[in-house]
Amino acid sequence: MTSSADRSPVEAMVSHAEGAISEDDIVAAARERAVDLGAGPVTPAVGALLSVFARLSGGKAVVEVGTGAGVSGLWLLSGMREDGVLTTIDVEPEHQRSAKQAFSEASIAPSRTRLIGGRAQEVLPRLADESYDLLVIDAAPADQPDFLAGGIRLLRPGGAVVIHGASAGGRAGDPSANDPDVVGVREAARIIADDGRFTAVLIPLGDGLLAATRD
């Protein structure tokens with residue numbers, strides 16, 4: 001176990017950021033269900049940051065790839081407008097049932113969430129161009145390029161994209177690493193970098209967040 005004295009300043013900062021965020025009982029219950037399902041919920045600090053992005057982006061229409069058990073959705077909804085709608089996509093029906101339970105426990109009106117079951121590669125093309133304020137991708141790193149390529153057209157001018165898992169477990173910065181997850185996160189970063197409409201930043205929370213705003 002690493003002691004506080006052995007941690008780098010960056011590790012200490014991240015630990016402090018995570019410890020500074022508290023979650024209510026509803027989010028905590030959703031987190032517990034996510035762990036039971038193996039859904040890999042976002043950390044509290046990542047959730048809080050998603051709430052901030054939802055608010056800053058306008059928060060009227062948000063699309064999420066990777067519903068999980070609803071932890072990230074609860075955080076996103078907390079930052080969205082009262083009339084904002086979260087569209088969230090997941091291939092696992094059990095995940096979406098758990099998320100629906102979380103939204104109900106949080107007394108979120110059914111009209112504010114649209115849960116779509118299916119593969120994101122098939123769902124995203126059915127959504128309208130330039131109709132969303134924020135795109136959140138929380139999925140397997142190897143799939144990030146496909147989801148980003150299919151979702152980037154959904155963003156209105158001034159919108160933003162946030163990709164969770166952008167560090168691939170810390171391996172993305174290792175020049176010798178070339179497994180599918182590392183290749184995926186690097187390709188997603190390249191797509192953003194090559195698109196002149198976006199300004200991007202890598203944030204060292206959770207498993208790394210790649211965030212970018214569209215001009």
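Cβ coordinates come from backbone N, Cα and C, glycine included.
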Query raised in the report: Given Swiss-Prot annotates Glu64, Gly66, Thr67, Ser72, Asp90, Val91 as S-adenosyl-L-methionine-binding, which of Val35, Val42 belongs to that site as well?
Result: Val42
Report summary line: Row Val42 (S-adenosyl-L-methionine binding site), column other C-beta within 10 angstroms, all chains, value 25
Requested in this report: May I ask for the distance between Asp138 (substrate binding site) and Val42 (S-adenosyl-L-methionine binding site), taken between their Cα atoms and rounded to an integer number of Å?
Outcome: 9
Query - Distance in Å spanning the most remote Cα pair of Val42, Glu64, Gly66, Thr67, Ser72, Asp90, Val91, given for S-adenosyl-L-methionine - result: 18
